[in-house]
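So the structure is just underneath, and the comments pick up after that.
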Amino acid sequence: MKRIFLLIATNFAILLVASIVMSILGVNTSTMGGLLVFAAIFGFGGSFISLAISKWMAKKTMGCEVITQPRDSMERWLVETVARQAEKSGIKMPEVAIYQSPEMNAFATGPSKNNALVAVSSGLLYGMTQDEIEGVLAHEVSHVANGDMVTLTLIQGVVNTFVIFAARVVAGIINNFVSSNDEEGEGLGMFAYMAVVFVLDMLFGILASMIVAYFSRIREFKADEGAARLAGKNKMIAALERLRQGPESGAMPAQMSAFGINGKRSIAELMMSHPPLEKRIAALKNS
């Protein structure tokens, strides 16, 4: 969830900047080719900037302490386990870090398979057995090995481009409609036009977030499958069962709930980056 939050936050900022820059430059929505190029530059630009700084940002915002020299047997075991799983997955050893949080959480981030970070919370280390922790680590290493950070960045870039492009096309149509029905033919005016674009950016942005969340849920199932291969199905199921017994998702800040969020039903599930734990456990048992 952490990587999704950082992507979405950065991309909403990019949408706002795009709106301002386009208005200043007077980009004409009737010039579809130019608008599409402009939208793609901003759409993918925001996503790749977010990806490039993801590891640095995670360390700063989460207060991650990277293990360079293990201080005790637990840290040594963490590093050795991640190293073994990374070698088995055919990727370079990710950095391993611990951050202070009472919640049982973990996340993986980084710009590429061979430049990644796997971090676990102190709450996870003290709240799970070693087998369960191994399952969690395998899940995060699988995210890295599957290239999920890059995959979601590309998806986010596509939907960002759609949001920027579609919002301005629709705003242009509204402006032309108002202009045709206005005796003076002035249309919306600059500030009203910017307000319409901003509202459309937000509406299309919500739809885009649902699309990204949908693909993220698919990647979670894939990471669970990968974890089952790396650590064993029973260890992964045990980790998910432990998370299910923990606090409800409402007790966790959304941007920190990087692993195993208990999903809500109906429309709320469409915005979840992770499937409900029950579905993940059932998928593993049936695999």
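Glycine is treated like the rest: Cβ placed from N, Cα and C.
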In Swiss-Prot, the residues His139, His143 are said to bind Zn(2+). Which of Glu65, Glu75, Glu220, Glu241 is said to bind at that same site?
Glu220
Measure the Cβ-based neighbour count of Glu220 (Zn(2+) binding site), defined as the other Cβ atoms within 10 Å of its Cβ.
24
